[in-house]
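Residues annotated as domain 'Novel STAND NTPase 3' in TrEMBL: 16-162. Per TrEMBL, repeat 'ANK' is recorded for 445-477, 478-510, 544-572, 577-609, 643-675, 675-707, 774-806, 807-839, 840-872, 906-938, 972-1004, 1005-1037 (among others).
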Amino acid sequence: QFERRLEQWKEDDQQFVSTEAEKHVMQKVLTQSSITLVGNSGTGKSFLSKHIALKMIEDGYTVIPCSKPEDIEKWFKHGRKTVFVFDDVCGRYTLNQQIYTEWKQRLDHTTSLLKDKCCKILSTCRLEVYKDEQFSNLSIFKMCSINLSSQELKLTDAEKIALAEMYFKESIDEVKELSNKYDFFPLLCSLYNKQKLKNVNIRSFFSNPFDVFKDQIVQMYEESKAGKMQYCSLVLCVMFNTLTEENLSTKDKKIREVIEDLLEECELNKGTSIKRLKKSLETLEGTYVVKEDNTYKIIHDKLFDFLAKYFGEKMLQVFIDHANTDFTAERFLCKITENMGTEIEFVIRIPERYVNCYIDRLLKDWENGYVNNVCQNRNMNSNTFTENMVTRLNQLDISKQTRLVCTQDIHNKDIALGGSCYVGSVDLVKWLISKNSDINYCDEDGWFPLLWASQEGHVNVVKELLQHSADVNQCANYGVSSLYLASERGHVNVVKELLQHSADVNQITNDCVSPLYIASERGNFDVVKELIQHSADVNQITNDDESPLYVASENGHVDVVTELLRHSADVNQCINDDTSPLFMASQEGYVNVVIELIQHSAEVNKCRNNGVSPLSIANEEGHVNVVEELLHHSADVNQCDNDDESPLYVASENGHVDVVTVLLQHSADVNQCSNETSPLFMASQEGHVSVVKELIQHSAEVNKCRNNGVSPLSIASEKGHVSVVKELIQHSAEVNKCRNNGVSPLSIASEKGHVSVVNELLQHAADVNQCDNDDVSPLYIASGRGHCDVVKELIQHSAEVNKCRDYGVSPLSIASEIGHVNVVKELLQHAADVNQCDNDDVSPLYIASGRGHCDVVKELIQHSAEVNKCRNNGVSPLSIASEKGHVNVVKELLQHAADVNQCDNDDVSPLYIASGRGHCDVVKELIQHSADVNQITNDDESPLYVASGNGHVDVVTELLRHSADVNQCTNDDTSPLFMASQEGHVSVVKELIQHSAEVNKCRNNGVSPLSIASENGHVDVVTELLQYSADVNQCDFKDRSPLSVALEQGHIEIQSLLKGKGANQH
């Protein structure tokens, strides 16, 4: 269903230029469930999201381009790796109330679907929409938001040049000059390319792109009647935001009415058919419009912004009368003031003479159920506009006024009073109240007028509502009150007003969160004071046992902390895991809060239930000022947590050298261990060399090991921290001190490939041939890991090149097995024994041949490896290479006199084993080098026999071409044809019969090929054998015929075939 759209994405992706933003987004997509790309219009959000989605396809994901929130539920499949891609996830220009409501209704379900780790949402969102307060309620789009307009991720000059080179190689210098003029530079490049503006000066376009588009639109209109038709269809697409195939059907009366007015405005015949308009729209595909899922829309929202303003101002009355209701709500503005920013760049200014027409259109939308679109219209911020609105409302007849007051929004069932309170339109609120609007009315989410006004801080609206007996303690879903939201938002005047009207100061939400708690969390100091003055309970806790003091301490609001403590807040009140306010302040590094809490008798050594103290957590986070403050007030410097980790241990592990210094100055035990692990060990493991120095200067035991024998030097060597290794060695670390398993620092450094560490250890008398408990030497382990630079270093320091491990494997053998050809070369250049075998007589050449490492095989042969040297079961290098199908190795061995017929202890030849495995290319190579095609094993099995039994028809053909005996049987008289018939390999049966196989040749129990095929139900084999005169009544030694065994097994089709050839039942 999405193939065409994805194909278009792939085509467009040819123009993609890699950027730092792309890398950043890709990293996040791999780890996060929901990623929202945010940015100004035209900055490349959509293009990048599609590019990332295409990359995810390569990683096995199914990509679903989505247009509606319900698409996720529609296409979600548990366990399937899926990326749902949304463009402009909640509106193109401003937040779209309808889409927002749909997301809100599905939020919980969508969140639950994201728990399936295979499911991801990748969405784009215009910055203006993202900043809308309501959008913050859609938590799934806040999980991981990436702002492409930010300083860190916006296009660099180099990236802009790369982008320009993709589109304008010939004019690169001109474009480079103008690339910083607009942040929507990527869009300009794309639009210029799509529009094919060959007659437009590139400098003119990038200097004033919208002037160019304006000229193009004017030219379109003026050049011909066909141009007027294109113009008219484009206006229609803008007016309705998008156009569907259904819209463009003659059945849509509304569209017909709009088109009549539009045709007249464009000076076209009123009788022009919709089909002609549709055809005109189709000609604009790829330049101005794009068609997705039978829906036409403008190719980019920035271009839409321009066209909306241009057409809207040109045809103001038509747009007021007929434009989509979202368009009407978002894009018209009656009054423009100086303090308005770039957000009004593309608004359509309504002259005073059209204001009443616009109000009438809004009243029509209101009547049709678009209540929030009307009441939250941006013009409602203007007192003049709302006064005009109220005047117009009063001119309506009483019955219509009453209907409007009670009309519910089609999306969330809200009434006008709720939306008006949200916006703060006090005049409209007064009018609605005067018309007996339900002052305590709740929408589907439980929101009511006073709650909206309190949240938004509209104190005059709040007063109006309270004066008319609004329920001051009414709560929405989850127990949220008006006082709670006003406290959360810091609207102190609203808080005062609510409290003066008897708001319950201690009323809590369903999670037991009080207004004081939320105000303390947000740091709203004035609100906190006001609430406390009205007897707020300063120690009231939430369901998680968090007090206002706890959350204020956690967030570093020192003025709030002071105020709470002044009013008897319990300084040591902990949450359910025994975390105290002091602990949280220490963790977050708020030293002023720490000071305030300690001055009010906070318990400095009070630990949470895992034994971690405030001092320990401050150490972990590296907050040295907090550490000093705690120690100054008698914090226990050696107090350990439940894992026996001391503050010094934690600070050392995290590399906070300044904290380590302070702790040591306060007599921290430098050798205090956690599970036999010392602070020095942890610092060495993590590579914190400055901490290592500090600890050693304070008498840390440099050779103190863990209980597995690992020393600080050993762990530093393993991790490759050469500066730490140097420091430890300078302070008498034992260079050859091994772990309990016998592994030395040199050995572990060699294994990990840390050549600089290896060099340092060797310079300080490390034993180059010291082996572990399995007799594994440093050279052996380095050879096996392919660390050629380490191998060279060890050999230069006299490593024994032929020293084997406990079961006789040499460094050369392990390097040959893994395929490290450079290591093999290095070892051979230093006299490694090329034919040295392990305890099973496996030579380096044998193991390299079996693994298919042809370059290693060549190198070993060039150094006189014995080509025919077998392991103790008689298998040769050629035989093992043939078994594994390594044809290049086979060729190499044969070119160097490998015995092509050399058999193992069971008389299995290379040709036999290759034939059995179906390696036809190997079979050909062996035959070309005179392999005996009829050589048999101890069980009298020939290459043809085993190939037939395994169904390798290409091998069978090759063997027969080279005179393989087609009737050569095993010691129980089983022929190749019998085996192929038994296993049902009909293509092999055909090949054998064509080469004169005896169709009726039985094995020594009298069973024929036909009988065994009938017994096993191989219909096609039976058919083939019967075509070549197989004896249909031939019985085995138990007097069973093919028909009788077919009857026994219930093979009805075979019974029919046999009877058709005259079979008798015995």
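Indices start at 1 and increase along the chain as displayed.
Here the Cβ of each residue, glycine as well, is placed from N, Cα and C on the backbone.
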Residue counts in helix (H, G, I), strand (E, B) and coil for the repeat 'ANK' (906-938), per DSSP?
-> 17 helix, 0 strand, 16 coil
Residues of the same chain, at least six outside the repeat 'ANK' (675-707), with any C-beta under 8 angstroms of its C-beta?
-> 643-644, 646, 648-649, 651-657, 660-661, 664, 713-716, 719, 721, 723-724, 727-728, 731-734, 737
Average pLDDT across the repeat 'ANK' (1005-1037), rounded to a whole number | 96
Spatial neighbours of the repeat 'ANK' (544-572) not adjacent in sequence (6+ beyond its ends, CB under 8 Å) are 514, 516-517, 519-525, 528-529, 532, 538, 579-582, 584-585, 588, 590, 592-593, 596-597, 600-603, 606
Counts of helix, strand and coil residues, the repeat 'ANK' (1005-1037), according to DSSP = 17 helix, 0 strand, 16 coil
